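The following features are taken from Swiss-Prot:
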BINDING   Leu120, Gly124, His125, Leu126  (6S)-5,6,7,8-tetrahydrofolate binding site
MOD_RES   Lys229  N6-(pyridoxal phosphate)lysine
SITE      His228  site 'Plays an important role in substrate specificity'
Amino acid sequence: MVWNRSLAETDPEIARAIALEITRQGAKLELIASENFVSRAVLEAQGSVLTNKYAEGYPGARYYGGCEYVDIVESVAIRRAKEIFGAGHANVQPHSGAQANMAAYFAFLEPGDTIMGMRLAHGGHLTHGAKINFSGRYFRYVPYGVEEETGRIDYDRMHAIAREHRPKLIVGGASAYPRELDFARMRAIADDVGALLMIDMAHIAGLIAAGLHMSPVPYADVVTTTTHKTLRGPRGGMILCPEEYAAAIDKAVFPGIQGGPLMHVIAAKAVALGEAQRPEFKTYQEQIVKNARALAQALQERGFELVAGGTDTHLILVDLRNKGLTGAVAEDLLDRVDVTVNKNMVPFDPQPPRVTSGIRIGTPAVTTRGMKEDSMVQIAEVISLTLDHPEEGAVQARAKAIVAELCAAHPFLKL
(Lines of atoms letter the chains of each structure in order from A and count residues from 1; the text may use other names and numbers.)
(Lines give C-alpha, C1' and ligand atoms only; values in the text may rest on other atoms or scores of the structure.)
Protein backbone atom coordinates (compact mmCIF):
# COMPACT_ATOMS: atom_id res chain seq x y z
CA MET A 1 0.00 0.00 0.00
CA VAL A 2 1.06 3.59 -0.61
CA TRP A 3 1.23 4.50 3.08
CA ASN A 4 4.01 1.96 3.71
CA ARG A 5 6.31 3.18 0.94
CA SER A 6 9.17 5.65 1.24
CA LEU A 7 8.81 9.22 0.04
CA ALA A 8 11.17 8.53 -2.85
CA GLU A 9 8.96 5.65 -3.98
CA THR A 10 5.64 7.41 -3.45
CA ASP A 11 6.45 10.90 -4.70
CA PRO A 12 9.86 11.24 -6.37
CA GLU A 13 9.08 14.80 -7.47
CA ILE A 14 8.75 16.02 -3.89
CA ALA A 15 11.62 13.80 -2.72
CA ARG A 16 13.87 15.40 -5.32
CA ALA A 17 12.86 18.93 -4.28
CA ILE A 18 13.69 18.11 -0.66
CA ALA A 19 17.03 16.60 -1.66
CA LEU A 20 17.87 19.73 -3.63
CA GLU A 21 16.93 21.90 -0.65
CA ILE A 22 19.23 19.87 1.60
CA THR A 23 22.02 20.51 -0.90
CA ARG A 24 21.18 24.22 -1.07
CA GLN A 25 21.25 24.64 2.69
CA GLY A 26 24.61 22.90 2.91
CA ALA A 27 26.26 24.65 -0.04
CA LYS A 28 25.19 28.23 0.69
CA LEU A 29 25.81 30.67 3.52
CA GLU A 30 22.47 31.32 5.20
CA LEU A 31 22.48 34.92 6.42
CA ILE A 32 18.73 35.55 6.59
CA ALA A 33 18.28 36.75 10.18
CA SER A 34 15.02 34.87 10.73
CA GLU A 35 16.38 31.49 9.63
CA ASN A 36 18.35 28.82 11.44
CA PHE A 37 19.08 25.09 11.36
CA VAL A 38 17.30 22.81 13.82
CA SER A 39 18.93 19.76 15.40
CA ARG A 40 18.42 16.17 14.31
CA ALA A 41 16.34 15.64 17.47
CA VAL A 42 13.99 18.49 16.54
CA LEU A 43 13.63 17.09 13.02
CA GLU A 44 12.83 13.64 14.41
CA ALA A 45 10.15 15.01 16.74
CA GLN A 46 8.54 17.06 13.99
CA GLY A 47 8.53 14.10 11.62
CA SER A 48 6.99 11.75 14.19
CA VAL A 49 3.64 9.94 14.33
CA LEU A 50 2.30 12.77 16.51
CA THR A 51 1.27 14.37 13.23
CA ASN A 52 -1.58 11.80 13.18
CA LYS A 53 -3.19 12.94 16.44
CA TYR A 54 -6.00 15.46 16.83
CA ALA A 55 -5.97 17.09 20.26
CA GLU A 56 -8.35 20.05 20.42
CA GLY A 57 -8.26 21.60 23.86
CA TYR A 58 -5.47 21.56 26.43
CA PRO A 59 -3.71 18.89 28.51
CA GLY A 60 -6.27 17.19 30.73
CA ALA A 61 -9.17 18.89 28.95
CA ARG A 62 -9.31 17.57 25.38
CA TYR A 63 -12.28 17.16 23.06
CA TYR A 64 -10.84 13.89 21.69
CA GLY A 65 -9.91 10.61 23.32
CA GLY A 66 -6.49 9.00 23.13
CA CYS A 67 -4.59 12.14 24.15
CA GLU A 68 -2.71 10.76 27.15
CA TYR A 69 0.68 10.83 25.42
CA VAL A 70 0.30 14.10 23.56
CA ASP A 71 -0.73 15.57 26.92
CA ILE A 72 2.71 14.59 28.21
CA VAL A 73 4.38 16.25 25.24
CA GLU A 74 2.48 19.53 25.53
CA SER A 75 2.89 19.65 29.31
CA VAL A 76 6.65 19.26 28.96
CA ALA A 77 6.78 22.07 26.38
CA ILE A 78 4.75 24.35 28.66
CA ARG A 79 6.90 23.58 31.70
CA ARG A 80 10.14 24.21 29.85
CA ALA A 81 8.93 27.49 28.37
CA LYS A 82 7.89 28.74 31.81
CA GLU A 83 11.22 27.69 33.34
CA ILE A 84 13.35 29.28 30.63
CA PHE A 85 11.61 32.65 30.55
CA GLY A 86 10.30 32.85 34.12
CA ALA A 87 6.70 33.18 32.97
CA GLY A 88 3.59 32.40 34.96
CA HIS A 89 1.86 30.81 31.98
CA ALA A 90 2.81 29.55 28.53
CA ASN A 91 0.67 28.60 25.55
CA VAL A 92 2.65 26.56 23.02
CA GLN A 93 -0.15 25.94 20.52
CA PRO A 94 0.09 28.93 18.12
CA HIS A 95 1.01 27.70 14.65
CA SER A 96 3.13 30.79 13.97
CA GLY A 97 4.29 34.07 15.42
CA ALA A 98 1.58 35.87 13.47
CA GLN A 99 -1.09 33.68 15.05
CA ALA A 100 0.43 34.21 18.48
CA ASN A 101 0.08 37.95 17.90
CA MET A 102 -3.47 37.56 16.63
CA ALA A 103 -4.46 35.58 19.71
CA ALA A 104 -2.89 38.16 22.01
CA TYR A 105 -4.83 40.95 20.31
CA PHE A 106 -8.08 39.02 20.46
CA ALA A 107 -7.55 38.29 24.16
CA PHE A 108 -7.35 41.97 25.10
CA LEU A 109 -8.85 44.09 22.31
CA GLU A 110 -12.08 44.75 20.47
CA PRO A 111 -12.24 45.71 16.77
CA GLY A 112 -11.53 49.40 16.39
CA ASP A 113 -9.34 49.69 19.49
CA THR A 114 -6.12 51.68 19.10
CA ILE A 115 -2.75 49.94 19.07
CA MET A 116 0.72 51.47 18.81
CA GLY A 117 3.40 49.54 16.96
CA MET A 118 6.77 50.17 15.39
CA ARG A 119 6.54 51.46 11.84
CA LEU A 120 7.20 48.64 9.36
CA ALA A 121 9.81 50.61 7.41
CA HIS A 122 11.63 51.39 10.66
CA GLY A 123 12.03 47.74 11.62
CA GLY A 124 8.58 46.70 12.84
CA HIS A 125 6.53 43.73 11.68
CA LEU A 126 3.43 43.33 9.52
CA THR A 127 1.43 42.07 12.50
CA HIS A 128 2.18 45.16 14.59
CA GLY A 129 -0.43 47.24 12.78
CA ALA A 130 0.48 47.41 9.09
CA LYS A 131 -2.52 48.37 6.95
CA ILE A 132 -2.12 45.38 4.64
CA ASN A 133 -2.27 42.99 7.61
CA PHE A 134 -5.21 41.90 9.78
CA SER A 135 -3.74 43.95 12.63
CA GLY A 136 -4.15 47.13 10.61
CA ARG A 137 -7.61 46.18 9.35
CA TYR A 138 -9.25 45.28 12.65
CA PHE A 139 -7.56 47.86 14.85
CA ARG A 140 -6.71 51.55 14.63
CA TYR A 141 -2.96 51.69 14.15
CA VAL A 142 -0.69 54.46 15.40
CA PRO A 143 3.01 54.06 14.49
CA TYR A 144 6.18 55.03 16.28
CA GLY A 145 9.69 54.79 14.90
CA VAL A 146 13.36 55.64 15.03
CA GLU A 147 15.34 58.87 14.89
CA GLU A 148 16.67 59.59 11.42
CA GLU A 149 20.08 60.65 12.75
CA THR A 150 20.73 57.64 14.99
CA GLY A 151 18.50 54.86 13.64
CA ARG A 152 17.46 54.14 17.24
CA ILE A 153 13.98 54.16 18.73
CA ASP A 154 13.00 57.66 19.83
CA TYR A 155 11.45 56.81 23.20
CA ASP A 156 10.61 60.44 23.99
CA ARG A 157 8.68 60.74 20.73
CA MET A 158 7.08 57.35 21.37
CA HIS A 159 5.89 58.64 24.74
CA ALA A 160 4.48 61.80 23.19
CA ILE A 161 2.58 59.80 20.55
CA ALA A 162 1.17 57.53 23.25
CA ARG A 163 -0.03 60.51 25.26
CA GLU A 164 -1.68 62.00 22.17
CA HIS A 165 -3.49 58.85 21.01
CA ARG A 166 -4.01 56.92 24.30
CA PRO A 167 -3.72 53.42 22.78
CA LYS A 168 -5.29 50.47 24.52
CA LEU A 169 -2.21 48.38 23.72
CA ILE A 170 1.41 49.21 22.88
CA VAL A 171 3.40 46.67 20.88
CA GLY A 172 7.15 46.48 21.41
CA GLY A 173 9.47 44.32 19.36
CA ALA A 174 10.80 44.37 15.82
CA SER A 175 11.86 42.28 12.85
CA ALA A 176 14.67 44.53 11.61
CA TYR A 177 15.99 46.56 14.55
CA PRO A 178 19.61 45.80 15.51
CA ARG A 179 19.81 47.45 18.93
CA GLU A 180 18.67 46.24 22.36
CA LEU A 181 15.08 47.12 23.22
CA ASP A 182 14.32 48.95 26.47
CA PHE A 183 11.29 47.11 27.81
CA ALA A 184 11.39 48.98 31.12
CA ARG A 185 11.01 52.28 29.26
CA MET A 186 8.13 50.85 27.23
CA ARG A 187 6.43 49.69 30.43
CA ALA A 188 6.72 53.18 31.90
CA ILE A 189 5.17 54.69 28.76
CA ALA A 190 2.33 52.17 28.82
CA ASP A 191 1.64 52.82 32.50
CA ASP A 192 1.57 56.57 31.94
CA VAL A 193 -1.22 56.29 29.36
CA GLY A 194 -3.06 53.34 30.88
CA ALA A 195 -2.15 50.95 28.05
CA LEU A 196 -1.42 47.26 28.04
CA LEU A 197 2.08 46.29 26.90
CA MET A 198 2.66 43.44 24.46
CA ILE A 199 6.20 42.45 23.50
CA ASP A 200 6.94 40.41 20.38
CA MET A 201 10.35 38.89 21.10
CA ALA A 202 10.38 36.58 18.08
CA HIS A 203 13.80 37.60 16.80
CA ILE A 204 15.59 37.78 20.13
CA ALA A 205 13.98 34.93 22.11
CA GLY A 206 17.19 32.89 22.07
CA LEU A 207 19.25 35.82 23.31
CA ILE A 208 16.71 36.44 26.08
CA ALA A 209 16.69 32.76 27.06
CA ALA A 210 20.46 32.96 27.45
CA GLY A 211 20.36 36.18 29.48
CA LEU A 212 22.04 38.26 26.77
CA HIS A 213 19.15 40.70 26.24
CA MET A 214 16.75 42.32 28.69
CA SER A 215 13.79 40.02 29.27
CA PRO A 216 10.33 41.44 28.56
CA VAL A 217 8.58 38.99 30.88
CA PRO A 218 8.81 41.14 34.05
CA TYR A 219 7.50 44.18 32.17
CA ALA A 220 4.91 43.01 29.65
CA ASP A 221 1.28 42.00 30.07
CA VAL A 222 1.79 39.47 27.29
CA VAL A 223 4.84 38.25 25.38
CA THR A 224 4.67 36.56 21.99
CA THR A 225 7.40 34.81 20.06
CA THR A 226 8.24 32.40 17.33
CA THR A 227 10.04 29.20 18.26
CA HIS A 228 12.54 29.26 15.40
CA LYS A 229 14.99 32.09 14.62
CA THR A 230 17.49 32.46 17.50
CA LEU A 231 15.57 29.94 19.65
CA ARG A 232 16.53 27.33 17.02
CA GLY A 233 13.34 25.30 17.15
CA PRO A 234 10.64 24.41 14.62
CA ARG A 235 8.66 27.08 12.83
CA GLY A 236 5.85 27.95 15.22
CA GLY A 237 4.62 30.37 17.86
CA MET A 238 4.27 30.70 21.61
CA ILE A 239 2.66 33.09 24.11
CA LEU A 240 3.84 33.91 27.64
CA CYS A 241 1.84 35.85 30.22
CA PRO A 242 1.17 36.17 33.95
CA GLU A 243 -1.16 33.55 35.40
CA GLU A 244 -3.94 36.14 35.70
CA TYR A 245 -4.21 36.31 31.89
CA ALA A 246 -3.85 32.56 31.27
CA ALA A 247 -7.54 31.84 30.73
CA ALA A 248 -7.98 34.77 28.32
CA ILE A 249 -4.93 33.79 26.27
CA ASP A 250 -5.84 30.10 26.12
CA LYS A 251 -9.39 30.91 25.05
CA ALA A 252 -8.12 33.28 22.36
CA VAL A 253 -5.88 30.57 20.89
CA PHE A 254 -8.46 27.77 21.14
CA PRO A 255 -11.26 28.03 20.25
CA GLY A 256 -10.62 31.66 19.31
CA ILE A 257 -8.38 31.47 16.25
CA GLN A 258 -7.29 27.84 15.96
CA GLY A 259 -8.71 24.34 16.09
CA GLY A 260 -6.50 21.32 16.62
CA PRO A 261 -2.91 22.01 17.64
CA LEU A 262 -0.03 20.56 15.62
CA MET A 263 1.21 18.02 18.14
CA HIS A 264 4.26 17.01 16.12
CA VAL A 265 5.34 20.65 16.04
CA ILE A 266 4.67 21.04 19.77
CA ALA A 267 6.88 18.00 20.36
CA ALA A 268 9.62 19.68 18.33
CA LYS A 269 9.11 22.87 20.35
CA ALA A 270 9.54 20.86 23.56
CA VAL A 271 12.79 19.36 22.27
CA ALA A 272 14.15 22.77 21.23
CA LEU A 273 13.22 24.26 24.60
CA GLY A 274 15.02 21.38 26.28
CA GLU A 275 18.10 22.17 24.20
CA ALA A 276 17.81 25.81 25.28
CA GLN A 277 18.12 24.74 28.93
CA ARG A 278 21.59 23.29 28.38
CA PRO A 279 24.80 25.25 29.13
CA GLU A 280 26.01 24.98 25.54
CA PHE A 281 22.96 26.95 24.38
CA LYS A 282 24.20 30.05 26.20
CA THR A 283 27.63 29.57 24.64
CA TYR A 284 25.94 29.36 21.24
CA GLN A 285 23.96 32.56 21.82
CA GLU A 286 27.08 34.38 22.99
CA GLN A 287 28.80 33.36 19.77
CA ILE A 288 25.85 34.62 17.71
CA VAL A 289 26.34 38.09 19.20
CA LYS A 290 30.13 37.97 18.87
CA ASN A 291 29.76 36.97 15.24
CA ALA A 292 27.23 39.71 14.52
CA ARG A 293 29.50 42.35 16.01
CA ALA A 294 32.53 41.02 14.16
CA LEU A 295 30.62 40.96 10.87
CA ALA A 296 29.27 44.46 11.48
CA GLN A 297 32.75 45.83 12.15
CA ALA A 298 34.22 44.11 9.11
CA LEU A 299 31.46 45.49 6.89
CA GLN A 300 31.99 49.01 8.23
CA GLU A 301 35.71 48.70 7.54
CA ARG A 302 34.76 47.95 3.93
CA GLY A 303 32.65 51.07 3.56
CA PHE A 304 29.18 49.74 4.33
CA GLU A 305 26.75 51.91 6.27
CA LEU A 306 24.85 50.15 9.05
CA VAL A 307 21.53 51.32 10.43
CA ALA A 308 21.93 52.42 14.07
CA GLY A 309 25.69 52.20 13.63
CA GLY A 310 26.03 48.51 14.43
CA THR A 311 24.31 45.80 16.42
CA ASP A 312 23.63 44.53 19.94
CA THR A 313 21.91 41.39 18.72
CA HIS A 314 22.07 38.75 15.97
CA LEU A 315 20.97 41.16 13.28
CA ILE A 316 22.61 43.73 11.01
CA LEU A 317 20.72 46.12 8.75
CA VAL A 318 22.84 47.45 5.89
CA ASP A 319 21.91 50.70 4.13
CA LEU A 320 23.17 50.36 0.56
CA ARG A 321 22.41 53.85 -0.70
CA ASN A 322 26.06 54.90 -0.51
CA LYS A 323 26.90 51.90 -2.70
CA GLY A 324 24.39 52.87 -5.38
CA LEU A 325 22.56 49.55 -5.05
CA THR A 326 19.05 48.57 -4.10
CA GLY A 327 18.31 45.75 -1.69
CA ALA A 328 16.71 43.70 -4.46
CA VAL A 329 19.81 43.94 -6.64
CA ALA A 330 22.11 43.12 -3.72
CA GLU A 331 20.03 40.09 -2.75
CA ASP A 332 20.27 38.75 -6.30
CA LEU A 333 24.00 39.42 -6.62
CA LEU A 334 24.77 37.66 -3.34
CA ASP A 335 22.59 34.70 -4.25
CA ARG A 336 24.73 34.20 -7.35
CA VAL A 337 27.78 33.64 -5.12
CA ASP A 338 25.83 31.33 -2.78
CA VAL A 339 25.06 33.82 0.00
CA THR A 340 21.43 34.14 1.06
CA VAL A 341 20.16 37.44 2.51
CA ASN A 342 16.90 39.32 2.19
CA LYS A 343 16.23 42.77 0.83
CA ASN A 344 14.87 45.01 3.57
CA MET A 345 13.59 48.51 3.96
CA VAL A 346 15.71 50.89 6.01
CA PRO A 347 14.31 53.81 8.03
CA PHE A 348 13.06 56.63 5.79
CA ASP A 349 13.57 54.41 2.74
CA PRO A 350 12.72 56.11 -0.58
CA GLN A 351 12.34 52.74 -2.33
CA PRO A 352 9.18 50.59 -2.38
CA PRO A 353 9.05 47.36 -0.31
CA ARG A 354 9.80 45.08 -3.27
CA VAL A 355 12.94 47.07 -4.08
CA THR A 356 14.25 48.59 -0.80
CA SER A 357 17.50 50.35 -0.03
CA GLY A 358 18.92 47.75 2.32
CA ILE A 359 19.60 44.15 3.18
CA ARG A 360 19.07 42.37 6.48
CA ILE A 361 21.81 40.02 7.67
CA GLY A 362 21.82 37.64 10.63
CA THR A 363 24.35 35.26 12.18
CA PRO A 364 22.26 32.47 13.85
CA ALA A 365 22.50 29.92 11.02
CA VAL A 366 26.21 30.32 10.29
CA THR A 367 26.89 30.18 14.03
CA THR A 368 24.97 26.90 14.22
CA ARG A 369 27.41 25.59 11.61
CA GLY A 370 30.28 26.42 13.96
CA MET A 371 31.59 29.58 12.34
CA LYS A 372 33.31 32.17 14.51
CA GLU A 373 34.72 35.68 14.21
CA ASP A 374 37.40 34.83 11.66
CA SER A 375 34.73 33.43 9.35
CA MET A 376 32.73 36.64 9.73
CA VAL A 377 35.65 38.62 8.33
CA GLN A 378 35.69 36.29 5.33
CA ILE A 379 31.93 36.69 4.90
CA ALA A 380 32.30 40.47 4.97
CA GLU A 381 34.96 40.16 2.28
CA VAL A 382 32.60 38.05 0.16
CA ILE A 383 29.85 40.66 0.52
CA SER A 384 32.26 43.46 -0.33
CA LEU A 385 33.72 41.70 -3.36
CA THR A 386 30.27 40.85 -4.66
CA LEU A 387 28.56 44.20 -4.17
CA ASP A 388 31.53 46.47 -4.94
CA HIS A 389 32.41 44.61 -8.17
CA PRO A 390 29.09 43.40 -9.58
CA GLU A 391 30.26 43.32 -13.20
CA GLU A 392 33.63 41.63 -12.67
CA GLY A 393 33.30 37.91 -13.28
CA ALA A 394 36.71 37.00 -11.86
CA VAL A 395 35.97 38.81 -8.61
CA GLN A 396 32.59 37.13 -8.35
CA ALA A 397 34.23 33.75 -8.89
CA ARG A 398 36.70 34.51 -6.10
CA ALA A 399 33.83 35.38 -3.77
CA LYS A 400 32.02 32.15 -4.63
CA ALA A 401 35.19 30.16 -3.96
CA ILE A 402 35.51 31.66 -0.49
CA VAL A 403 31.91 30.64 0.23
CA ALA A 404 32.61 27.09 -0.93
CA GLU A 405 35.64 26.89 1.37
CA LEU A 406 33.64 28.14 4.35
CA CYS A 407 30.83 25.69 3.74
CA ALA A 408 33.24 22.78 3.32
CA ALA A 409 35.01 23.68 6.56
CA HIS A 410 31.72 23.88 8.46
CA PRO A 411 29.52 21.01 7.23
CA PHE A 412 25.75 21.10 7.33
CA LEU A 413 23.83 18.50 9.35
CA LYS A 414 24.19 15.12 7.66
CA LEU A 415 20.77 13.56 7.00
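Cβ atoms here come from the backbone N, Cα and C positions, even for glycine.
Because the structure is a prediction, the values reported are computed rather than measured.
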Most Cβ neighbours inside 10 Å, all chains, among the binding-site residues Leu120, Leu126: Leu120
Rounded Cα-Cα span from His228 (site 'Plays an important role in substrate specificity') to Leu126 ((6S)-5,6,7,8-tetrahydrofolate binding site), Å: 18
Env. residues of (6S)-5,6,7,8-tetrahydrofolate site, Cβ within 8 Å of mean position of Leu120, Gly124, His125, Leu126 Cβ: Gly117, Met118, Arg119, Thr127, His128, Gly129, Ala130, Asn133, Ala174, Ser175
Recorded positions (His125, Lys229), the one with most neighbouring Cβ atoms at 10 Å: Lys229
Gly124 ((6S)-5,6,7,8-tetrahydrofolate binding site) CB neighbourhood, other CB atoms within 10 A: 25
Chain-internal residues, separated by at least six, CB under 8 A from His228 (site 'Plays an important role in substrate specificity'): Ser34, Glu35, Asn36, Val38, Pro234, Arg235, Gly236
Alpha-carbon distance [Lys229 (N6-(pyridoxal phosphate)lysine); Gly124 ((6S)-5,6,7,8-tetrahydrofolate binding site)] in Å: 16
Alpha-carbon distance [Lys229 (N6-(pyridoxal phosphate)lysine); Leu120 ((6S)-5,6,7,8-tetrahydrofolate binding site)] in Å: 19
Structural state of His125 ((6S)-5,6,7,8-tetrahydrofolate binding site), classified by DSSP into three states: coil
Pairwise Cα distance for Lys229 (N6-(pyridoxal phosphate)lysine)/His125 ((6S)-5,6,7,8-tetrahydrofolate binding site) [Å, integer]: 15
